[in-house]
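Chemist: Please see the structure below; I have some questions.
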Amino acid sequence: MNWSYLKGFPKRAYTVMEVRTGFATGLPVLSGSFFGAYLTGEIHWLRLILFFIAGFCFNIVANTANEMRAYLAKEENEDTFTHHKGSEGLVRGDAKFFDAVLVLLLMIALGGSCGLLLVFLTKDLVLLAWGLLGLLAAITYSLGPKPYLLYPVGEIVSGFFVGGLACFLAGRSQMGTGNTQLLIYSVIPMILTVFLMSTNNVGDYEKDRGVRVTLPHVIGFRNAILLVIPEFIILFSCWLYLFLSQTIPWWQFLIGCLIFYHQGYIRWYKDYLKIPAVYPEMGREYGPRPLLLIYHFNTWMSLLFFIQIIGRKYF
């Protein structure tokens with residue numbers, strides 16, 4: 001590789017990284033870190049930053065691996081493009097395969113370095129073990145002889161690692177240990193991630209047929225949409241527990257409820273629930289909506305936990 005190859009590499013790399021969903025891990029890490037700090041009253045900023053970078057990078061590893069597999073398997077064409085410039089770069093010809101390989105290696109190196117430094121700071125071997133398992137899950141999501149995205153377990157596995165585990169371990173790195181409140185809080189980002197994955201799988205219902213078997217293929221298109229209801233009941237039960245146990249104040253509980261209502265119901269599920277059958281533009285129209293719910297919940301909760309930490313410390 002010569003230096004001239006690097007000219008334009010950042011722009012090409014962007015087309016295979018799916019950066020917007022990288023925050024699907026980065027933001028649960030952020031809110032989990034601030035929740036852990038909220039419970040102890042002290043923020044370990046370096047640990048928070050290192051964990052955020054590691055979580056973001058490992059999600060990009062999974063995204064890039066998925067781009068590589070779609071390209072090698074010739075799964076995408078003009079009929080299935082989402083026309084988002086941050087993805088599908090290989091199948092559109094905007095990036096070369098070596099670009100994706102280089103992105104994959106760089107993200108593994110950066111995320112792994114931050115993770116190892118975090119383990120050194122915390123002396124937490126549990127964090128090391130789960131971190132290695134998380135990296136393995138990110139790679140084998142799409143690559144290898146038996147990538148698990150081919151089977152109807154992708155939603156729960158991704159939800160567990162990307163949302164739940166990332167949030168829990170981030171909070172643990174702030175606290176030095178885990179507890180019931182942190183575990184219950186982590187269920188919320190886990191289910192929000194499941195919403196994102198299931199909505200994408202429902203939107204790709206016909207495109208995936210004959211290529212891979214997702215949960216909507218097993219339980220049916222409409223049932224996959226209806227499954228969101230019991231999943232949300234579990235999510236809301238966790239949120240209610242945190243309020244009733246006086247872990248969070250009443251006003252923060254209400255703000256969370258407003259986010260669930262506006263971003264979850266009004267902007268996504270109200271219309272999503274009425275869809276009788278898949279249509280070509282469905283993935284493009286509904287795929288990003290649960291991501292906005294993830295963005296809003298985790299960002300707002302991070303900010304509110306931070307404000308309360310500062311308030312307790314200085315006022």
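Each residue, glycine too, has its Cβ placed from N, Cα and C.
According to TrEMBL:
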TRANSMEM  21-39  transmembrane segment
TRANSMEM  45-65  transmembrane segment
TRANSMEM  97-119  transmembrane segment
TRANSMEM  125-143  transmembrane segment
TRANSMEM  150-171  transmembrane segment
TRANSMEM  183-203  transmembrane segment
TRANSMEM  224-244  transmembrane segment
TRANSMEM  250-269  transmembrane segment
TRANSMEM  290-310  transmembrane segment
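So that I understand the layout, could you describe where these features sit and how close they are to other parts?
Modeler: If you look at the transmembrane segment (97-119), the same-chain residues 6 or more away from its ends with a CB under 8 A from one of its CBs are 1, 9, 12-13, 16-17, 47, 50-51, 53-58, 60-61, 64-65, 67-68, 71, 89-90, 125, 127-128, 131, 135, 173.
Long-range contacts of the transmembrane segment (125-143) within the same chain: residues 54, 58-59, 61-62, 65-66, 68-70, 108, 111-112, 115-116, 118-119, 149, 154, 157-158, 161, 165-166, 169, 172-173, each at least 6 residues beyond the stretch ends and with a Cβ under 8 Å from a Cβ of the stretch.
Within the chain, the transmembrane segment (224-244) has long-range Cβ neighbours (under 8 A, six or more residues past its boundaries) at 181, 184-185, 187-188, 191-192, 194-195, 198, 201-202, 215-216, 250, 253, 256-257, 260, 264, 269, 272-273, 275.
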